[in-house]
Amino acid sequence: MTITLGSASMGSDPEKQERHASVSKTSVSSGLEAEVEVRDVKPTLKRQMKDRHIAMISIGGVIGTGIFLGTATALQKGGPVGMLLGYLTIGSLCYTVMVSLGEMAAFLPIPGGHLTYAERFVDPAWSFAMGWLYCYNWTVILPAEISAASVVINYWNKTINDAAWITICLVVVIVINALGAGAYGEAEFIFCSIKVVTIVGLIILGIILDLGGGPNHDRIGFRYWKHPGPFVQYDRIEGAKGRFLGWSAVMAQAAFSFIGTEVVAIAGAEVRNPRRNIPKAIKRVYIRILLFYIGGVTIIGLLVPSSDKRLNIADGTAAASPFVIAISNAGIKVLPSIINAAILTSAWSAANSDLYSSSRALYGLALNGNAPSIFLKVTRHGLPWVSMLACASVGLLAYMGLQGGSGRVFSWFANMTAVAGLTSWFGIGVTYIRFHRGLKAQGIDRKTLPYHSPLQPFAGWYATIGCFIVILFSGWYVFLKGNWATDTFVTNYLPMALFPVLYVGAKLYYRTPLTPYEEMDFKTGLQEVLDASYDEPPPKNWAMRVWSWLCATIGRRISIDRDDYSGASKSGVHSGRLLSPTILNNMSELTLASKPQVLVLDGGLGTTLEDLFHKDISHALWSAKPIDEDPEVIIAAHLAFLRAGANVILTATYQCAYNTFERAGYSREEAERIMLKAVELATEARRRFLDETQQEQQHGETTTSPPPPPSDVKIALSLGPFGATLYPAQEFDGIYPPPYGPDLTNAESKTNAFDDTPEGRAQEQAAIDALTEFHYERLCIFAGNQAAWDAIDFIAFETVPLRREIYAIRRAMSRLEERNVGVPDASKLQMKPWWISNDYPDGRFPEVKQGEDHLTAAEVTKAVLYEDVGAAVWGIGINCTGLDFLPELVKEASEAAKKYLERHGRRPWLVLYPNRGDVYIPETQSWCKMGKEGSSWAKDLYAVVEEGLRSGAWEGCIAGGCCKTGPEEIAGLAKELDAWL
């Protein structure tokens, strides 16, 4: 189970969200005013694809048999100029579709891609029709590519039955997809690299051959544009009419070549750092259109006459590839086989993409409630295995070629794919037009989006109208006298007829109106995307530097170097006081959330009550004692920190638990009342602070910026470890009594570690169970009170001294999240961002390992972030630790957090609140003054915060103080951070 800011919910319909229990959304009053995504134990898709994967996929992902083999039909029907004009027309449609889709996909790269956008920005029926047609498109194209592969192999051997080649191709494609998105991305990177090198090499070779550089030294030039001519007179119809019909006959085949660019959007949910990589991928589309397709068909038109009989792919010979024909005509011996092998690789690659896209499309349909829920089944590694197997089974249709001929079957499936794909493009165009109008209706500036095109909204209208016209006339030639062909009519017009049938049927079923522009959902899922976005690390070696340069050359590098923080610090890091109160209602400010931020935490509440307000808190309840006895002093302490510049105040509940109050003579009912009252006091302090700053502003008594809105003053629920509830406290030693720790009755020396034996490991597991129950029981006190829970913005698990307690806290949060499973949206518990903070009293973590070695900061960070023991944290902290120890501890934790970033594609928050450096003496329950004070302490902490953020490992930082730090230290820290900003 994980909890992250944002939601990956696939639609705005609560009923549909409920069908997939692994994703639900709840609104929270967090530090970012975002929504929180609650994932239960059901696994979902994971972001496994890297920058280089999505970059290469966007350039050559679906370069396949359409350009290498299908161009034979285009040249035969349209002639060289007719083919070139056809590809230019479809290429322009492709580009406008992609820039339209690109705005939506870069903004919200979530599961289901444009199918989800259709539901949000049009209506559920539109999503249903588009989804099933798109799934049909990608499912049908799979046997087409497999059939093409068998055609290619026939170039070398016609004696072996095609069934053998079809089987081999299918098995390879299924195995690659079964290994998950990471393996798919890696395989596509290799396949696409081969295809890109091949197509570029063929274009260069074609230019050489055309200019007479081949073995036969025949300078072709534009010979074939003159004879047999630039156009083919379709069906021997004379004049402009015949040439026009020849050009229009190319359209469907050209569309088959271009269909598939949407894979960038479909892959958005599994791409790391999506807001950086998807815009780059979209911008590379024009490279593919101009260089590969337009360049490729131009060369083909120069080298091969449209009258060459070898262009007929229906006879099943691989020589039908125009490139192979051209090389053979030039008299080059071995190269045709090499090129044919590369073409085979492209067919394999395209089939690989087909299965990936179709399975994700089917998964998206199920996630939206438009397909049976069985297709939601996902392995723990994020593979939608049921969807994948269902789509792979359609690949068996490739065996139809054993009777009808693989070339002929390829043509059938190519027609169906082209029309279905164009219909999807039409649907994307309509969706974008409404998306564009929705942004305008809600006052959102498109210029603040991660990617926006200056061609809009005209590009969206051009794509919509153009695709509709091409679809309408895709199979017109069957109506010519004597040209009726039932198979052509069905394969061209079945998808076209299917779309309105699906839409009208779904419309009658759902009975939902078009989504009003003012009600379009531009928020759900956004914060999860922001959390998954980060600045790319600098290249580690020469190979990565070359690749980075290539990416920059092709698609303008738009990221900020993680190690060059000087510029980002001026505009990308914001103190909590500067955060907008309407950050989710104003898109121009929403983009700030993707950059690191700094919030100022308060100081040590208990020691401030002692030092500033002269309260005696030498009591089992410590800072919780005045909650009931003198509530005004608690409010005064909170106000002192807020006036000093704190954005976040911790409640006076650090040592609160049933056993603490029972030891002090309180009943469980009284304990609950006092704990909840602590939240009320923090809320009251916030209210008073906002009132007084508002009054100061009105009376002109301050020249500072306007008072912060309520959303910018946060309340963190302070929950100490089990050791903090003991007397004397044990958060610095971690010596817990059984069953929470080892039995030390007969031990020669005190230790907080269990023996590394079967019995010791069993006792440690029992300790984790007991600690889980302790933390869950305490959480339920606050979660069970709606007013208190609504007032809380963060949950802070503080001064945790043991790894097993870290595990227990994560399990307790998992149990809390599980309360939402099967609960209607209106009744779901709103989950809060939360952190686990550990203490290093003498620079070392309290827990010891075998051999008396202490756990390192890296090992503690791993326990908090990596290990699959429970809910994933929002932040990781260090508190109640001397400031002198902090730089090295943060450095070590940052390195561990970077590995987490590489593995999971998201960054946690760093929470730092060290003490002033004074030493606590348990025997006298007093402090020995040794640390720095005021501005000196603040400068040192500021330096650590800045260095931590420079590492690039953290999404942001909450910084404040712990024991013996008061308003003076917090005011100094706020001043240092303001100066930095």
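From the backbone N, Cα and C atoms, a Cβ is placed for every residue, glycine too.
Of the given residue ranges 382-402, 634-654, TrEMBL assigns the label transmembrane segment to 382-402. In summary, the transmembrane segment (163-182) lies against the transmembrane segment (382-402): three or more C-beta pairs, each 6 or more positions apart in sequence, are under 8 Å. The average pLDDT computed over the domain 'Hcy-binding' (587-977) stands at 84. Counted within 10 Å of its Cβ, the other Cβ atoms near CYS962 (Zn(2+) binding site) come to 26, all protein chains included. Around CYS880 (Zn(2+) binding site), a 10 Å sphere centred on its CB holds 23 further CB atoms from the protein chains shown.
Stretch with the largest number of CB pairs closer than 8 A to the transmembrane segment (87-110), among 382-402, 459-480, 492-510: 459-480. Where the transmembrane segment (189-209) meets the stretches 285-304, 459-480, 492-510, the count of C-beta pairs under 8 angstroms peaks at 285-304. With a cut-off of 8 Å between Cβ atoms, the residues of this chain six or more beyond the transmembrane segment (285-304) that come close are 58-60, 63, 67, 71, 74-75, 79-81, 83-84, 87-88, 91, 94-95, 98-99, 102, 196, 199-200, 202-203, 206-207, 209-210, 220-222, 224-225, 257-258, 261, 311, 322-323, 325-326, 329, 554-555.
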